[in-house]
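Q: Provided herewith is a single structure, encoded as structure tokens, for subsequent inquiry.
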Amino acid sequence: METELINSLSRQEEEIPSLLSSVQSRIDGFDVIHIPSSENSLSQVPEDKNATQNPMPENTNFNHHERTTSISMPSSPSLYLQEQRTNPSLHNEIPSPVNFFGLPPRKSNAEKVDPNKKTRFYSQPMETKQKSSDNDMGFDAMATQNRMGRNHGLRDNRYDTFKTWSGKLERQISNLRGKPQELPEIARSETPQTARVPEVDRFFDALEGPELDRLKKSEELVLPENKKWPFLLRFPVSTFGICLGLSSQAILWKNLATSPPTQFLNVPLSVNVVLWCISISVLAILAVIYLFKIIFYFEAVRREYHHPIRVNFFFAPWIACLFLAIGLPPSIAHNLPHFLWYILMTPFLCLELKIYGQWMSGGQRRLSKVANPSNHLSIVGNFVGALLGASMGLKEGPIFFYAVGMAHYVVLFVTLYQRLPTNETLPRELHPVFFLFVAAPSVASMAWANISGEFGHGSRIAYFIALFLYASLAVRINFFRGFRFSLAWWAYTFPMTGAAIATVRYSIEVSNVFTKSLSVVLTVISTLTVTVLLITTVIHASVLHDLFPNDISIAITNIPSKKIRHDLYATDVESGNSGESK
């Protein structure tokens, strides 16, 4: 067979036209074996028994071009070399026709690769599953990544959902100072639907307790739970209760210095001046702080305003302003302009139209649903305004607010007395707010006395109600101890001071030893209470730094946590399916 094959090849060489046979067929790097000139003779080829017996013709030119079998190479040379190293017999499995003629085996293409020559690799398209976006990540993974970001010193911008335009200004100032505050994309995964102001039913669903200030175990917070929040986010509107206690003290000591039944005490008016200055200073400081909260964290203020219990404390700063107007020292001014009363009472009218309408119209904000001792703050402002207006010589305006306040106080008093079985009892920490029951009738008695011109039967009825409620609470000493200090303790001060002021006013009409002694006793109790609470508040605020814990009430999500997890999981699945289809 070898002889026939050689003869057929020889005939093919003879059939090649003369023009093509003269063409140089040697192409560098293309299946060519470079043989020195001395190797042109066939005597240099290793001897083979079959070749000796059957010599090849002399006109066969095997030194010009080597006829080989083409082999498909992989897309990357390194892949083939790796396979060859792991399987050295890979190239031996490919037959070569040269072996039929006794020639040395052809070097494989892998062996011809110059090791000193830099190999060029071409990128190959690879299918990869598209990563889901940060907004599509699971709820737990998102929280974990945010914690990792905080551990690496990155700013947690989950607080930005509570910021207004000032948040952008803060970041711009930080960038100008060379301290860019950027987060990984995962930290910007807060969805707008969880950061919106919750509806009133969400407050009842996510929070528990009479004050709706404790988070249920099944709920999540928009802000981190195990980290102290910025100060403005922890500064609640209920802090203005401090101003109520201090400013009412200024009124008490003004009455002690000017009332005939207490002249034997020889109280100087300078005490009233000092207390009035302290009160207005504290009110100004707290008002400025809360103004900054409105500017920088307006969303947090909106959440407090929509909170069914916390909204009552928005009356507190305006009530404090009325107290400061009533307790104004005579050395500063004797008479106030009438327009000041209208300016101060306008916020009361706006807030009452909203809140009283909700109490009456039903829904989740109906009075039977949101009834709480803190609701007295939305009532007592009517009586304080009537007291100030009557002392300024006004008639119709004070009677109007007195009538509105008395009508709603009766409804609130009855509702709180016969709380529904579904309503929770107040925890020990909130027992001081029970003293708010004393505040409204105490001020109402003095307001009606100024309107009618005497401390008559109407005033005495309201005063006796307040005095009885005061006594019924004072005898229950164990009811008001055994719990840690909080801002709720300031609920003691304003009602106690109001009862003392009403007693001083009553002693003018009924002057005897009992009324005078009662005025002194109630004054001492209220003054000591305010002094102790003021010192304790300063210690907790400046030394212990625990006066303002994280305000859980404003950090709930707008939708239930289970629904958040379900929506995020569904979005993640949809994004995964779309990636696979692509």
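Backbone N, Cα and C atoms are what each Cβ position is placed from, and that goes for glycine too.
Caution: TrEMBL annotation is automatic and unverified by curators.
Here TrEMBL flags 231-253, 273-292, 313-333, 339-356, 377-394, 400-418, 430-449, 461-480, 487-508, 520-544 as transmembrane segment.
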Q: Based on Cβ pairs under 8 Å, which of the stretches 313-333, 377-394, 461-480 lies most in contact with the transmembrane segment (339-356)?
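A: Most Cβ pairs under 8 Å with the transmembrane segment (339-356) come from 377-394.
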Q: Under 8 Å for C-beta pairs, could you tell me which stretch among 231-253, 273-292, 377-394, 430-449, 461-480 has the largest tally with the transmembrane segment (400-418)?
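A: Ranking 231-253, 273-292, 377-394, 430-449, 461-480 by Cβ pairs under 8 Å to the transmembrane segment (400-418) puts 377-394 first.
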Q: Under 8 Å between C-beta atoms and at least six residues away from its ends: which parts of the chain pack against the transmembrane segment (430-449)?
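A: Beyond its ends, the transmembrane segment (430-449) has Cβ neighbours at 210-211, 372-374, 376-377, 379-380, 383-384, 386-387, 390, 398, 402, 405-406, 409, 413, 416, 455-456, 458-463, 465-466, 469-470, 473, 479-480, 483, 488-492, 494-496, 498-499, 501-502, 505-506.
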Q: Tell me if the transmembrane segment (231-253) touches the transmembrane segment (487-508). I count contact as 3 or more CB pairs below 8 A, with pairs 6 or more residues apart.
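A: The transmembrane segment (231-253) and the transmembrane segment (487-508): touching, yes.
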Q: Hey, which bits of the same chain come close to the transmembrane segment (461-480), Cβ under 8 Å, at least six residues off its ends?
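A: Contacts with the transmembrane segment (461-480): 431-432, 434-435, 437-438, 440-442, 444-445, 448, 455, 495-496, 498-499, 502-503, 506.
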Q: Which of 231-253, 377-394, 520-544 has the most Cβ pairs closer than 8 Å to the transmembrane segment (313-333)?
A: 231-253
